[in-house]
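The feature domain 'Major facilitator superfamily (MFS) profile' is assigned by TrEMBL to 36-472. The transmembrane segment annotation in TrEMBL covers 18-38, 122-140, 146-171, 183-207, 213-233, 279-297, 317-334, 355-376, 382-401, 413-436, 448-467.
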Amino acid sequence: MEVAAKGNVLGGYVPARYILSVLGSIGMAIVYGLKVNLSVAMVGMLNHTALNTVTDQNASLKNTTDDAKDAIVEFAMHTAEQDGPFIWSSEIQGIVLSCYFWGYFVSQIPGGRIAELFSAKWVMFFSIAINVVCTLLTPVMTEMHYIGLVFMRVLEGIGGGVTFPAMHVLLSKWAPPAERSVMSALVYAGTSLGTVISILMAGILTANAGWESVFYVMGFLSTIWCLLWVVLIQDSPKQQRFISIEERNMIIASLGGMTKDRLSRKLPVPWRAVITSKAFLAILVAHVCSNWGWYMLLIELPFYMKQVLDFKMTENTFATALPFLTLWIFSIGLSRTLDWLRGKNAITTTTARKIGTLFASVVPAACLLALCFIGNNRGAAVAIMTIGVTSVGGMFCGFLANHIDIAPNFAGTLVAVTNTVATIPGIVVPIFVGALTRDNKTIHAWRIIFYVTIGLYVIEILTYLVLGSGEEQTWNKVTQEKHDDQENQLKDVKKSHV
């Protein structure tokens, strides 16, 4: 009775599933924020006088970071620029900034499987906690030797790599199908807000309180999330103390009574069925192609505007930050609309996922095509970039939520696989752009870059439209049924020996 009372008190004000979504979104923001803050803090860490030039350092950042390499970094570096204690070559800077991905690559698939077999709540907690601890230790470890910083960044990458798999597992158990789009969008849109807030905050802290403050302040603030997560979050509605009986029954009923957490955790991944599944391959292709376009819009487009249009985004911070805000608003609005239409039986889950994915691919492709023919119109370029980045938010309620639809028992593992492969464009895009623009910083070179990206968007569109599906796949059901049969046989054997 005590559990129900507590649940009714909290659940009467805020549904437990949306507490999960909000804390999940903040958690994603923390991970992305702690990932990119080093790109800004390093400006205050390096002794630019000794290094003789800031240009080499800026070029290193351009070629080695991921999401942080947009124009906001340039603004923050301009704000924070000062001499620091470290004299690192461009090679060392590249290692420090890129080693995060060493851990990120290796942890995703194991992390997804651990979340499915044991506890997604604690996997997510571990992810944030290791990032918080490593962030707080970064100043001390860096003072010892740059290898200490590399070690911290690798551990942060290991933690960051398991966030998407862990949240996918939690959403598969907490999100009613009618609300899956909006809950997924709310959680994953936190990545964009975390990026912009962290970079701007890091620039201010570095300029006014020293580079060490970036890690101490952000690390300390993130510990609050850890405490809230441990107290308020559970792996499933059945385990949650702070939930109303009505909400618990609603979630369980909407998921078809899938409350056999112990059984589902023991299910082996049907790898052959997965890699030959058309629905899964559609997600994989969409994820990879979409990430190529995302990195192009987020990372390289500001450099196109600087090289071709001679436009410095640092001169207008509002134009720099606006796409991140509009992306968040658009993703929430679109996801709510799609869920409403699904609730009215106006569209199917498959249609909803395809609409979200089309927004995240057709619109950016059209924006890149428009950039090829606008000439030197800076205002139009800023507007086009804002529209392109904003529309990418459709992926959160599109293919990125699709793993849960097709195989809720293996959602963590599936997103780990696609996200691992989809990280490759983050490495390839800067190399590709650098090779084409090294000696040819003209609109002609950039048109080639944009046409290649548009071609990949076309591949994504056609593949996902033809092969994409929002229906649970038979191999997910068959695996569960086989496991249930084995469990029943084992029980019969035990009874016969009694």
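Cβ from N, Cα, C; glycine included.
A quick note: this is a predicted structure, and the numbers were derived from the prediction, not measured.
Counted as Cβ pairs under 8 Å, contacts with the transmembrane segment (413-436) are highest for 448-467 among 122-140, 183-207, 355-376, 382-401, 448-467. At the 8 Å Cβ cutoff, the transmembrane segment (279-297) and the transmembrane segment (213-233) share fewer than 3 close pairs (sequence separation 6 or more) and do not count as touching. Stretch with the largest number of CB pairs closer than 8 A to the transmembrane segment (122-140), among 146-171, 213-233, 448-467: 146-171. Panel annotation: around the transmembrane segment (18-38), residues 10, 65-68, 73, 96-97, 100, 124, 127-128, 131-132, 135, 138, 153, 156, 159-160, 163, 167, 170-171, 174, 183, 186-195, 197-199, 201-202, 214-215, 218-219, 222, 225, 228-229, 232-233, 242 of the same chain, lying at least six beyond its termini, place a Cβ under 8 Å from a Cβ of the stretch. Among the listed stretches 213-233, 355-376, 448-467, the one sharing the most Cβ pairs under 8 Å with the transmembrane segment (183-207) is 213-233.
Cβ atoms under 8 Å from those of the transmembrane segment (146-171) belong to residues 20, 24, 27-28, 31-32, 34-35, 38, 86, 88, 92, 95-96, 99-109, 111-112, 114-116, 120-121, 123-124, 126-131, 134-135, 137-138, 140, 180, 183-184, 187-188, 233, 235, 401, 403-404, 411-416, 419 of the same chain, restricted to positions at least 6 beyond its ends.
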